[in-house]
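What TrEMBL says about this protein:
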- 32-53: transmembrane segment (TRANSMEM)
- 50-426: domain 'Cation/H+ exchanger transmembrane' (DOMAIN)
- 60-81: transmembrane segment (TRANSMEM)
- 101-120: transmembrane segment (TRANSMEM)
- 132-156: transmembrane segment (TRANSMEM)
- 176-194: transmembrane segment (TRANSMEM)
- 206-228: transmembrane segment (TRANSMEM)
- 264-283: transmembrane segment (TRANSMEM)
- 344-364: transmembrane segment (TRANSMEM)
- 406-426: transmembrane segment (TRANSMEM)
- 524-609: domain 'Cation/H(+) antiporter central' (DOMAIN)
- 621-764: domain 'Cation/H(+) antiporter C-terminal' (DOMAIN)
Amino acid sequence: MDMTTYIEDCQPLLFNISSNGIWENLNSPDVIFGYSLPLMEIQILLIFTSVVMTHMFLRCIGISHIASYMIAGLIMGPHLFDLREKSTWKLSLDPIMNGNGPLRSFSACGLMIFTFLMSLRTSRRVVFNNGPLPVVIGILTFIVPLVVGLCFRNILADRINPHYMPPKKALAERTVIIVTQSSILLPTITYFLSELNILNSEFGRLALSASVINDILGVSFIVLAYSLGTYKNISHSTAYIDLIAPAVEWIVQKTPEDKPVANIYVHAVILTVLGSAVYSTVFHMKYLLGPVMIGLVIPEGPPLGSALEAKYEKLTLNLFLPISIAFSTMRCDITRIVYELDDILYNIFLMVLTIALKLVAGIAPCLYCKLPLKESIAVSILLSCKSFPEIFFYESTLDDKYISQATYSFLIFNALLNSGIVPVVIRSLYDPKRKYIGYQKRNIFSLKPNSDLRILTCVHKPGNISRALAFIKLFSSPNQELPIIVTVLHLVKLVGQIVPILISHNKKSKQLINKSYIHTANLAFRQLMQESFDSKSVAMFTALSHENLMHEDICMLALDQATSMIVVPSGRTWTIHGEFISDDVAIRRLNISLLERSPCSIGILVDRGQFLRKYKRKDHISVCAIFIGGNDDREALSLVNRMKHNQKVQVDVIRLMSNQETESTNWDYILDHEIFKELKDPEANKNIAYTERIVTGGPEVATTVRLLSEEYDLMVVGRNHGLSSPDFSGLIEWMELPELGVIGDLLADRDLRSSVSVLVVQQQLQE
């Protein structure tokens, strides 16, 4: 008869939470460690001190924050500080209180909210719209390593050390390793792509779509594996979804368009998320299942999804997540890897085998679809890596005794190496700028006289619509002598979801975004093109993207549409009366990114609020092109040359020349001579007038430009002016908007007493 008695740790329902301060007992000030709240605060302080000190050194070599969190956890682990042990036996003076309990609960709450936000931000609608390749990659990278790995699972099972783990549990441990290495969690891919700033790239979209397929297969396999056990009552344990879904729909319908959701609803959703975790635990399921289910029920994006992200994202990423990662990593014991290496050696072999098979399964379909070899390898490596989301899964299997402490420690160490090394490897294999390098000429200067003019214009807000329309009208002609094809891209900040979306607004497309001004703009552009141009010469898109990655959407669309010029609004705005309002730093940053990597020429439009009014009221629009020299000025001149067929536009080309003569052997001089030879022909250019002015230095250039600004409605200038530019000393040092160049900065000056609008042109950069 078995007389063994099993005693479980019991936790008191009531214990001391807050203290009376460090002066409660002067003879024994460490009595403060007997209270749970001060103890947890000290633990959090130690963790963040370790995180800050670690990242201060690691950021110098390009290591990310996540790797710093893990290393901080190792420092706080059993090898150095041993925070968990000290919290239990030394810091906590209450013999019946587990010093790690409050910190564990705090970490679990943060993990619940993080998991909820990740599932909330996952797009279930358009992530599959990237063709069959990501579907094939996602299926193969899961099925191939899983099937082959399971075939190798039972090999050497008779040699399992019973002192290490019972044979049945050892086989279960091998299964966990095979399944976890075959699958990939979407937050892992999102983290690496965001770290590399390629979330919006074609490479990033491919990896995201493939990871979603792989993630769905992995989660489905795990649910099926557990369906005969604790998950057999899954329908009952998720019944609350039937109540939450109508409530969420009611909140969305109750919120007016373009208005924020009431805070009471946002906080109620978070409380429901925490309650769902408790509900899942009651049914003997993983507590994270509830937050995941609720996150999938709530529609991503505005109004509710974006409100939840805006309220809790920074708190979760900057407070909860570091604590959760560090706390989980503290359980890693590297010495157990050394002592039990013989016992986990076959587990390491299985992990290496599944990773190798996953790499092959990812590379093969990419090469079959004729992707470059380096990009194929990069996609496979990305789908094989592990990071902090897997750590939480490893910890769960450790708590359930599916894996040993040694295996857990090795898996944590592998995730740490992945977090530090994979971004470096991906950067070396994939350069997002490479596809935009201009080996093919995509600029207006290189266009044939009667070829199509393809322009991509970007819209950030409703005020940009009228200005873009007025600019496009400058190229209209009575007989459509020069065809123009316009692509309109509405840029919308992505909030409340992970996956960037590019929506095409053709007549058959469904309404995927609820913004009234976008639909109004679509109608306005279509009407303009029907009146002034060919009705088939307009295409409209909406890009939902992160602010720091919008340039990728613009460049990709410009490349796909074979545009010759991108026209974007500047970050500086005025009222319709010409009064300065503000500078939008985000738009300026976007424009700078476009100037660095645009696949074609680019123009930055600075409108002082009166350009459209002038176009409607005046019989003639006066346009001035300032020419100094260089590729950008030639591109600006080629652009205004396309306006000559509009009878309403009068163009003046003013060439600013210095006293220093340029040698005729200079290539720029030869190109300038050819373009002016055609421009000076009075019969071919009736609406264009040409004059020359001599300037000696920076002050005279500034005076001349300011005087000219009072005579025209629109001025077109180049951003840079080549070797023939005059001495700009005194002007470059005082530039406020360097993305506009010297002349553009003068014309966009907030103190300039003029209503002139400015278009700053940069010709396509070529290698």
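Each residue, glycine too, has its Cβ placed from N, Cα and C.
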Does the structure show the transmembrane segment (176-194) and the transmembrane segment (264-283) touching, where I'm treating 3 or more Cβ pairs under 8 angstroms (sequence separation 6 or more) as a contact?
no
Hey, would you say the transmembrane segment (132-156) packs against the transmembrane segment (32-53), going by three or more CB pairs under 8 A that are 6+ residues apart?
no
Return yes if the transmembrane segment (60-81) and the transmembrane segment (101-120) have at least 3 CB pairs under 8 Å (sequence gap of 6 or more), otherwise no.
no
Counting each residue once, how many in the domain 'Cation/H(+) antiporter C-terminal' (621-764) are helix, strand and coil under DSSP?
49 helix, 34 strand, 61 coil
Please list, for the domain 'Cation/H(+) antiporter central' (524-609), how many residues fall into helix, strand and coil according to DSSP.
36 helix, 26 strand, 24 coil
